[in-house]
């Protein structure tokens with residue numbers, strides 16, 4: 001029986017750090033285990049321009065714990081007014097590694113997102129030319145589309161037409177939640193990748209709604225039926241390089257979660273690696289954890305894999321129920337079981 005597991009230090013290809021007091025509180029939870037992360041730009045106001053990305057990058061570096069070795073990989077928030085030349089300059093500088101597409105109104109702080117996709121055609125064409133990936137929150141926001149169907153409809157109505165109209169555009173389907181997304185991704189070439197979160201490997205929609213509503217399991221895209229969770233687990237543990245870790249760790253204070261209209265997001269930075277090792281062991285795929293967490297993402301983003309290592313031991317993991325911030329506590333994601341693996 002395996003007692004220890006050593007892998008290349010993992011990266012998080014979808015992370016929310018927020019800003020200010022929240023940034024200072026949650027950043028150490030990520031730097032404890034991860035070497036790099038794709039940083040989401042949905043602040044208020046959003047990180048739209050190269051200059052704004054430079055400023056946010058500086059704030060992240062200033063908040064790093066002493067001795068931390070961590071590289072924030074910045075993104076720009078795509079709007080219908082985004083300047084293709086600004087995007088190209090940000091990419092050429094090496095600071096910005098992706099542009100993020102939020103359909104207007106799809107998730108937290110997405111009001112500035114895209115409503116008319118024809119208005120971003122020039123930006124997407126420039127991105128295809130320079131090889132800059134587009135990270136996509138893949139949900140339509142039409143009121144007449146059921147929330148559990150919005151990812152599947154987005155693939156047909158928006159994503160596939162964008163890819164057909166922009167040959168060579170490199171796209172990351174972020175935080176996929178459906179068998180539809182898994183099937184679409186596995187049928188594509190290497191210009192398409194897909195991130196899978198920790199929590200979507202663990203929970204289905206029953207965990208949110210059955211036996212009383214569980215606000216701390218509410219996220220967007222919302223967790224789906226069990227058949228979709230199982231499809232995600234199969235994809236994540238398959239060894240297919242199209243699939244890689246993006247936690248979508250999304251901290252909100254409890255005061256902002258426990259409301260009549262509470263915020264969406266699960267905070268998983270603290271215990272992701274322990275949970276993933278547990279899940280991969282359940283799927284008899286521990287040897288593929290390194291690929292999912294440490295190798296597939298860098299390969300897609302054309303970056304070297306980390307040389308540093310992370311070691312886990314086969315001992316039950318303990319972690320706090322909350323972390324404290326200046327604005328109040330943030331609940332750490334509870335997988336509903338004690339993970340069998342602990343990060344050394």
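Cβ coordinates come from backbone N, Cα and C, glycine included.
According to Swiss-Prot, 14, 16, 100 bind Zn(2+) 1; the candidate from 248, 254, 327, 334 that the record adds to this site is 248.
Summary of the site annotation: Swiss-Prot records Zn(2+) 2 binding at 100, 175. Screening the candidates 137, 207, 216 against this entry identifies 137 as the one listed for that site. Cβ neighbours within 10 Å of residue 42 (substrate binding site), excluding its own Cβ and spanning all shown chains: 22. Sorting the binding-site residues 14, 137 by the number of other Cβ atoms within 10 Å puts 14 first. Non-local neighbourhood of residue 100 (Zn(2+) 1 binding site): 40, 41, 42, 75, 76, 77, 78, 134, 135, 136, 137, each in the same chain, at least six residues away, with C-beta under 8 Å from its C-beta.
The Zn(2+) 1 site, placed at the center of the C-beta atoms of 14, 16, 100, 248, has further neighbours from the same chain whose C-beta lies within 8 angstroms: 15, 38, 40, 42, 135, 174, 175, 246, 250.
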